[in-house]
Amino acid sequence: MASITANPPRVGLPGLLRHRVVHKLLLLALAAAILVPLANARWASGTWPSALTLDFSEPLAKASDWIIDNRDSHPLFLYFFGHVSNVVVIAVRAVYLGLLAVGWAGVTALGTLVAWRVAGIRLALGTGVAFLACGLLGMWVPTMQTLALMVVAVLASAVVGVLLGLAAGLSDRMDRVLRPVLDTMQVLPAFAYLLPVVLVFGIGVPAAVLATVVYAAPPMARLTSLGLRGADKEVLEAVESLGSTARQRLLTARIPLARKELLLGLNQTIMMALSMAVIAAVIGAGGLGDRVYQALASVDVGAALAAGIPIVLLAVVLDRVTGAAGEKLGAEPEPHSGRGWLFALAGVVAVAVAGRLAGRLDWPDAWVVGIAEPVNRAVDWMTAHLYSGVPVVGGTADWAGHFTTWVLDPMRDGLQALPWWAVLLIVAALAWVIGTWRTALTAVLAMAAIGVLGVWKPSLDTLSQVLAAVAVTLVVGFAVGIAAARSDRLERALRPVLDVFQTMPQFVYLIPVVALFGVGRAPAVAAAIVYALPAVVRITTQGLRQVDPAALEASGSLGATSWQQLKQVQLPLARPALLLAVNQGLVLVLAVVVIGGLVGGGALGYDVVFGLAQGDLATGLVAGGAIVCLGLMLDRVTQPTERRAKKGA
Amino acid sequence: MRVRTTAAVAAVSSLALLTGCGAADMTKQASPFANAQGAKTVTLSVQSWVGAQSNVAVAQYLLEHELGYRVDTVQVDEVPAWDALSQGRVDALLEDWGHPEQEQRYVKDKKTIAPGGELGVTGHIGWFVPTYFAKKHPDITNWKNLDKYADRFRTPESGSKGQLMDGSPSYVTNDKALVKNLKLDYQVVFAGSEAAQITQMRQFAKEKKPFLTYWYSPQWLFKKVPMTEVKLPPYKEGCDADPEKVACAYPHTPLQKYLNADFAKKGGKAAAFLKKFKWTTEDQNEVSLMIADKKMTPEDAAKKWVDSHESTWKKWLS
């Protein structure tokens, strides 16, 4: 099949590439030959030398004491944080009371009619059904609490994101400064900064909203900046030639031209904010997340699912509606669209007033369907029959045991047995081969920072779990992704499944995972795989489908079998997408390392949870910092430099 | 630069306008969901174990049905709960297992938290093995014989040593130090959450497998999985003072209630009721078992208990 040359420049590349790679590796070997004996002579030890660590526990403990002692009296709190906190409380309360006053019928009508106006009749029906389902599950009030929280958090994230995005989009210097900041905001596990936020704002809604903003603002900022930078040069020149000022240009040309990116940014921000809804419950945000979390405490999967489903429904509805709104942006505006909105508004008011007059503001208790019991029975049956003693294949507990002993243990022990400088060298080599010397330097510094923080061993433990989880995710994800790319029907069938896995709060499936795999690192890996798999499947499918059909036809006409087509045309051409899948897999697995700490994953994830539970700023922040460094290192090692801009978007 | 200052000034002044000028009081901030639709609200903190849920469920039921309050609950771990209590984010913490450091800071120094009296339940932490295993091997109940059985407690996670399973990171534990100082051939494996720990114990029990675990009483799970305590070197006052050198058992702790100081003074009937709330270990377990094992909602479980124990709770309302 050598006759297929779909991508001519690629043919010459490997030779050149190999030459450069050898060159880089030789240089690195030379540097190592000089530096390693020096380092070894000075700090002869396998693991990270203690002479090279810094202990942050004392200053961090002092900082936390200072905050607690001054929180009620220092002007910084009285005149700044206090007001921020009050504004958040007032805003959330206003939205919540508004939603309660409109009543369940009014809210459902509002959601449905807004969806109808921006996204068409089908999504409108879906939205209505989703709201009714929240009520039927007995989750109306928590859903409204979560919705109120989300409205405020998304608005705040969007404002912060647009401001940052404007700064980054208009000034190259700001762009350079902001990029690592945004990277950190996204990689930092939310659990790590919950604690400082709680120290400053206390348990509850303000802290939850602000933690959500930290997590959800970056995609808005990234896409705003991308949109501003991508504006058509000719249009801008035309506007400039009309003698407009910089501000006019921004408002009349650049921002309107970036509408699509702005809307995509809003969509991403909504999704990320919702994914924080449960984590925020850990610091007392209330709402659906709190119900999931409380159900976890009584080991009640059914109750957790009843609160998890509304979160999934909200996420899917919001995603589809904002997505459809984005697609409609380019199209011609419909005639009479103003009148349509008027009808919609009138409908909402009518329904709300009717609900009010009928005295039916609260969801009627009689209309609640209990799903907890049948779900629990199903889970019990599953875990009772699959856990062990299944003929021939063995039970899930046996698999988990084998996975721990044969995969996780050797990987962890191997990594921990490597001399520290060898780890740094491997990181440098991998990052340099795929990127520039700058990438390599960042990766090595990130890894070294882990040593300096004094958490070298647990970090390598976490790294081994992450690598194992990513390996399994990629094998399964590529297989499913390839299958979905070849069958439209499978792709359609998979879509809702992937939606559910991506948006279902991880707390819901922690118990089944433990019931199947026992306590330890194996269930932690399993939970991470469940979370990261959808993204990998999606990116793989999309990448394969975008392969130029002409190349496929050409190879088909040459008599290539479908397996040959896949191997020699589709996969090589989809290489960038596959690399992105690897990268996203890593980022997502790392994002749930902390959750793994809740089922016995130990290492950094446990330390972060411990820090939060015990109010121990030092342990929590240091472990969180180490997770950030791991993320940075893994990103640099897997991501070719030129495509970095896409990340997180 | 000018634009940025203007923006900053605008932001700060609008903040001030929105909230009413002057200082904001960080100690008086209730939940935005409280007092909705004109109801008097009490906010209770719930900890992640079921016993704590039972206290709250019964208190909530009585507050709502007998005293006409609306009750909000917030799930928080113990240490952050103290912080929340001092700021008025929650009004009461009904089950505290002893946090001398927090007590010194908030009750004695800052006076933002007031003691609410005893809960009536005595808590005890210890190491436990399932009773079906202890019956077959009676000598397991002394820590000195633990090493003999180490290989029976081995799991993939503990490697070549025996597994001592610990629970949630929010719990008080000296187990790592204990294993080291008593020179035991065991590995402490942290389940990471009580839910994970309970799930694992039930799986072990289903197969009648031996296990050794950190556990505590009162706890509803004893009714489902009977367990026997392993005797550790006896507890003496102060033997756990240095966390590195601990080599003794855990104490028996009368569990305490704490109220936000302001709420204790001005909380009216609700505060008076919560101060009087006092029940027994059996009462608590009865409710816990309904919640955790029969999967009743905390509200239904509380109702069932309240209906059959009128004489107990009437005293709390007087």
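Counting begins at 1 with the first residue displayed.
Even glycines carry a Cβ here, placed using N, Cα and C.
Please treat TrEMBL annotations as automatic predictions, because they have not gone through curation.
Not measured: the values here are computed from a predicted model.
The domain 'ABC transmembrane type-1' annotation in TrEMBL covers A:143-322 (among others).
According to TrEMBL, the domain 'ABC transmembrane type-1' annotation covers A:459-638 (among others).
The transmembrane segment annotation in TrEMBL covers A:94-116 (among others).
Sequence-distant contacts of the transmembrane segment (A:123-141) (same chain, at least 6 residues past either end, Cβ-Cβ under 8 Å): 104, 107-108, 111-116, 288, 291, 306-307, 309-310, 313-314, 316-317, 320-321, 324, 362-363, 365, 367-371. Taken from TrEMBL, the feature transmembrane segment applies to A:123-141 (among others).
Under the heading transmembrane segment, TrEMBL lists A:147-170 (among others).
Sequence annotations record features per position, and here TrEMBL assigns transmembrane segment to A:191-217 (among others).
What TrEMBL records for A:269-288 (among others) is transmembrane segment.
The transmembrane segment annotation in TrEMBL covers A:295-318 (among others).
Taken from TrEMBL, the feature transmembrane segment covers A:338-358 (among others). Beyond the ends of the transmembrane segment (A:338-358), by six or more residues, the same chain brings 102-106, 108-110, 113-114, 116-117 to within a C-beta distance below 8 angstroms of the stretch.
Marked as transmembrane segment by TrEMBL: A:417-434 (among others).
Look at TrEMBL and you will find A:440-456 (among others) tagged as transmembrane segment. Remote same-chain residues near the transmembrane segment (A:440-456) are listed as 47-49, 52-56, 420, 423-424, 427-432, 604, 607, 622-623, 625-626, 629-630, 632-633, 636-637 (criterion: CB distance under 8 Å, separation of at least six residues from the stretch ends).
Beyond its flanks by at least six residues, the transmembrane segment (A:468-487) meets 403, 407-408, 411, 494, 525, 528-529, 532-533, 536-541, 543-545, 562, 566, 570, 578, 581-582, 585-586, 589 of its own chain at Cβ-Cβ distances under 8 Å. As annotated by TrEMBL, transmembrane segment applies to A:468-487 (among others).
Outside the transmembrane segment (A:507-533), and at least 6 residues removed from its termini, the chain residues within Cβ reach (under 8 Å) are 278, 292-293, 296, 299, 301, 304-305, 308, 379, 382-383, 386-387, 396-397, 399-401, 403-404, 408, 465-466, 468-470, 472-473, 476-477, 480, 501, 584-585, 588-589, 591-593, 595-602, 605. Taken from TrEMBL, the feature transmembrane segment applies to A:507-533 (among others).
Through the fold, the transmembrane segment (A:577-605) approaches residues 186-187, 189-192, 455, 458-459, 461-462, 465-466, 469-470, 473-474, 477-478, 481, 506-507, 510, 513-514, 519-521, 523-525, 527-529, 531-532, 535-536, 539-540, 542-544, 546, 571, 623, 626-627, 630-631, 634-635, 638-640, 643, 646-647 of its own chain, all at least 6 residues removed from its boundaries and within a Cβ separation under 8 Å. What TrEMBL lists as transmembrane segment is A:577-605 (among others).
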Inset, instruction - Quickly jot the same-chain residues contacting the transmembrane segment (A:269-288) by Cβ under 8 Å, restricted to those at least six beyond its ends, or write none. - result: 139, 142-143, 145-146, 149-150, 153-154, 157-158, 161, 190-191, 194, 197-198, 203-205, 207-209, 211-212, 215-217, 219-220, 307-308, 310-311, 314-315, 318-319, 322, 503, 505-507, 612
Inset, instruction - Using a Cβ-Cβ cut-off of under 8 Å, list the residues of the same chain that are 6+ residues beyond the ends of the transmembrane segment (A:417-434) and lie near it. - result: 21, 24-25, 28, 32, 35-36, 39-40, 45-49, 440, 442-444, 447-448, 451, 456, 460, 633, 636-640
Inset, instruction - Take the transmembrane segment (A:191-217) and find every residue of the same chain, 6 or more past its ends, with a Cβ under 8 Å from one of its Cβ atoms. - result: 64, 67-68, 71, 77, 81, 84-85, 88-89, 92, 149, 152-154, 156-158, 160-161, 164, 185, 269-270, 272-273, 276, 279-286, 594, 608-609, 611-612, 615, 617, 620-621, 623-625, 627-628
